[in-house]
Amino acid sequence: MDNTKPLIELEPDDDGRIRRTGNVLTASTHIITVVVGAGVLALAWAMAQLGWIAGIGSIVTFSAISIFTYSLVADCYRYPDPVTGQRNYTYMQAVKAYLGGRMYVLCGLVQYTKLAGITVGYTITSSTSLVAIRKAICFHNTGKAASCKFSNNPFMIGFGILQIFLSQIPNFNELTWLSTAAAITSFGYVFIGSGLCLSVVLSGKGAATSITGTKLPVEDKLLKVFTAMGNIGLACTYATVIYDIMDTLKSHPAENKQMKRANVLGVTAMTILFLLCSGLGYAAFGDNTPGNILTGFTDPFWLVALGNGCIVMHMIGAYQVMGQPFFRIVEMGANMVWPDSDFINKEYSFMMGNVMVRFNLFRLVWRTIFVIFATVLAMVMPFFSEVLSLLGAIGFGPLVVFFPIQMHIAQKQIRKLSLRWYSLQFLSCLGFIISVTAVIGSIHGIIQDFHKTNLSMYKQ
């Protein structure tokens with residue numbers, strides 16, 4: 001019997017860790033799973049603001065930029081040589097290796113601010129979907145003429161209470177089951193939303209559309225366009241997990257070569273899905289396209305409820321997937337500052353039936369306070385499109401454009417003031433401009449919503 005293959009698989013990798021077995025196909029699958037999220041449901045609204053030409057052009061342009069810059073990131077997985085160098089296990093570690101400590105701190109601030117903000121966005125998204133389920137059932141039971149409006153706040157509070165319990169899971173490694181369920185349900189609601197829009201278009205009941213999008217005064221139109229750019233930027237971002245994906249790839253062929261192919265396959269599939277979802281949503285609703293396309297439907301009520309239920313399931317898991325790294329960085333910092341504190345470092349355990357439950361007092365207090373704060377913040381500004389745009393604006397320019405380009409310049413030692421240097425810096429400035437304008441548009445939209453909405457009486 002030939003035992004060669006099992007023995008090879010048991011051999012450690014070049015860094016002493018368990019041998020990696022991932023390939024281009026598995027990496028592509030991971031990319032698609034990460035980018036298919038709640039942000040996709042806001043792309044139809046973004047298309048409505050931009051119109052057919054600018055909308056399609058923006059999605060394709062953002063995707064092309066992503067393919068290029070993520071390929072640069074792939075080359076920086078190892079330092080200093082992209083094939084034989086030492087591995088960087090996280091995005092921040094790569095930034096530190098190539099750009100130094102100051103950029104490392106800046107990258108950390110951007111990355112963890114976005115991760116913390118996403119928990120607010122996910123709370124808003126889940127409550128919006130729960131209200132949509134309640135409305136669909138209400139209209140089904142009482143008729144279309146009924147006044148079916150409900151407050152988001154009870155649903156946000158319930159979601160927050162659930163996240164308080166889930167946040168006590170000690171570390172990311174114990175979240176595999178939750179992450180898997182979230183990934184499966186994300187595809188469910190995207191295809192249900194697209195299918196419902198397609199049925200409206202095929203039935204001939206689609207709304208009027210235009211090549212320039214919604215008709216608004218110039219100032220309002222410009223701000224809506226800025227916000228739409230942020231929505232597209234959020235949907236295209238997976239920079240925070242790209243090295244987690246690369247760290248699953250086998251070493252031969254070289255990881256950077258495999259990841260570049262995976263980026264092309266994953267982003268191409270992502271672009272097709274984005275164009276499908278945004279185009280069908282805009283064709284179905286026209287200028288009245290909602291921020292979340294699933295909230296625009298009430299029939300068939302069971303399918304609408306199922307789609308929104310998939311969103312809620314995804315948000316439950318995604319909240320922890322994004323929140324756990326933020327929790328851990330704070331806890332690691334506290335451990336470094338107070339290494340002898342029992343409150344911060346001591347683990348307690350007890351049996352609950354046949355299950356061993358472990359808890360830590362600092363983790364219990366800190367994570368509970370954070371979830372409560374995120375929930376209250378979501379209740380204060382329950383504005384789906386604007387909040388998602390703000391999160392996209394925070395991440396796209398720095399994480400998808402600026403840091404990859406600066407790392408590439410440092411790695412290849414590109415001569416300053418050369419044509420290539422100018423070209424790369426121009427792209428970096430473009431990413432910065434997109435982020436700044438998206439921040440302006442989303443913050444302006446949030447302020448407008450504050451003035452127009454009585455939050456204590458807010459109902460959908």
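Any Cβ shown, glycine's included, is placed from N, Cα and C.
Annotations in TrEMBL come from automatic prediction, not curation.
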TrEMBL lists transmembrane segment for one of the ranges 96-117, 426-447; which is that range?
426-447
Which residues of the same chain, at least 6 past either end of the transmembrane segment (361-381), have a Cβ under 8 Å from a Cβ in it?
116, 119-121, 123-124, 127, 152-153, 156-157, 159-160, 163-164, 167-168, 170, 323, 327, 330-331, 334, 341, 343-346, 348, 387, 446, 449-450, 455
Any chance the transmembrane segment (24-46) and the transmembrane segment (264-285) are in contact, meaning at least three CB pairs closer than 8 A with a sequence separation of 6+?
yes
Taking residues 6+ outside the transmembrane segment (264-285), which of them lie with a CB under 8 Å of any CB in it?
24, 27-32, 35-36, 40-41, 43-48, 52, 55-56, 59-60, 63, 66-67, 70, 190, 193-194, 196-198, 200-201, 206-207, 209, 232, 235-236, 293, 296
Restricting to CB pairs under 8 Å, which listed stretch, 301-322, 387-405, 426-447, is in contact most with the transmembrane segment (52-73)?
387-405
